[in-house]
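Listed in Swiss-Prot:
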ACT_SITE  19  active site, nucleophile
BINDING   19, 21, 190  Mg(2+) binding site
ACT_SITE  21  active site, proton donor
BINDING   30, 105  substrate binding site
């Protein structure tokens with residue numbers, strides 16, 4: 001499911017794509033809700049029996065059956081740990097004119113609740129995640145982004161869960177951006193599911209893997225498979241420094257390219273002008289007037 005907002009502040013050539021769990025927030029949002037509401041034992045008991053996305057839908061039913069309300073889930077989400085420099089980093093990237101998107105294997109309900117609480121929901125032009133909604137009984141329903149019960153997604157990377165291939169989402173984003181003109185992408189993530197989209201990035205793009213997390217380990221096995229420039233980060237503070245530094249670097253390079261193009265065009269115009277001035281022209285004289293002879 002993709003959510004689109006009217007965030008149209010992007011006035012540069014950069015799209016920043018964030019993972020959510022352990023990237024924007026410091027923990028896994030699914031585990032946080034389950035643990036904080038006291039359902040860890042049941043979760044661990046059921047985990048070997050079904051896919052993660054299916055299990056989360058089952059756990060939301062269990063929460064409802066045990067009397068847990070949607071408001072209680074929201075309250076837990078509002079206390080989720082986040083590094084104090086992450087929100088300023090996101091705001092700075094937006095203020096610098098970047099288009100911001102989220103691609104996450106969490107769910108829409110969790111993400112929207114958290115970004116709204118943080119006051120940054122309007123900064124993202126699109127959120128791609130597993131659908132999450134409250135049904136008529138007051139139960140939070142979570143379904144897969146890709147319905148793997150009907151058909152598998154076409155990814156053969158081997159690191160993507162059955163319900164979501166982030167690489168396919170990035171390819172769709174790239175296709176839409178191509179219609180708008182050339183754009184550079186910065187992708188931030190931490191998990192194994194962030195490896196496939198990292199492989200899809202182009203040479204002018206940047207990938208920011210969280211160091212010593214699964215995506216970093218996968219990239220480190222063979223960095224030559226990654227066409228994009230690799231800029232690792234460790235926590236919210238280093239994320240802010242590296243992200244904003246990369247944005248400024250891209251903007252500086254684009255300004256240099258514009259100045260160079262402008263200078264080349266000026267040189268061409270001067271050459272044309274000089275060439276015209278050096279062409280020999282015969283003087284153009286006015287036609288003589290006939291003067292009548294008076295007798």
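Using the three backbone atoms N, Cα and C, a Cβ is placed for every residue, glycine included.
A simple way to gauge crowding: the CB of residue 190 (Mg(2+) binding site) has 22 other CB atoms within 10 angstroms, across all the protein chains here. Looking only at Cα atoms, residue 30 (substrate binding site) sits nearest to 21 among the recorded positions 19, 21, 190.
For the pair residue 190 (Mg(2+) binding site) and residue 105 (substrate binding site), the Cα-Cα distance reads 12 Å. Long-range C-beta contacts of the residue listed as 'active site, nucleophile', restricted to its own chain and to partners at least six residues apart, with a cutoff below 8 Å, comprise 102, 103, 104, 188, 189, 190, 191, 193, 194. For residue 105 (substrate binding site), the number of other Cβ atoms no farther than 10 Å from its own Cβ, over all displayed protein chains, is 24. Excluding the listed site residues 19, 21, 190, the same chain places 20, 22, 23, 24, 104, 189, 191, 194, 210, 213 with Cβ atoms within 8 Å of the centre of the Mg(2+) site Cβ atoms.
The most densely surrounded of the binding-site residues 21, 30, judged by C-beta neighbours within 10 angstroms, is 21. Between the alpha carbons (Cα) of residue 21 (Mg(2+) binding site) and residue 105 (substrate binding site) lies a span of roughly 8 Å. Classification of residue 30 (substrate binding site) by DSSP places it within a helix.
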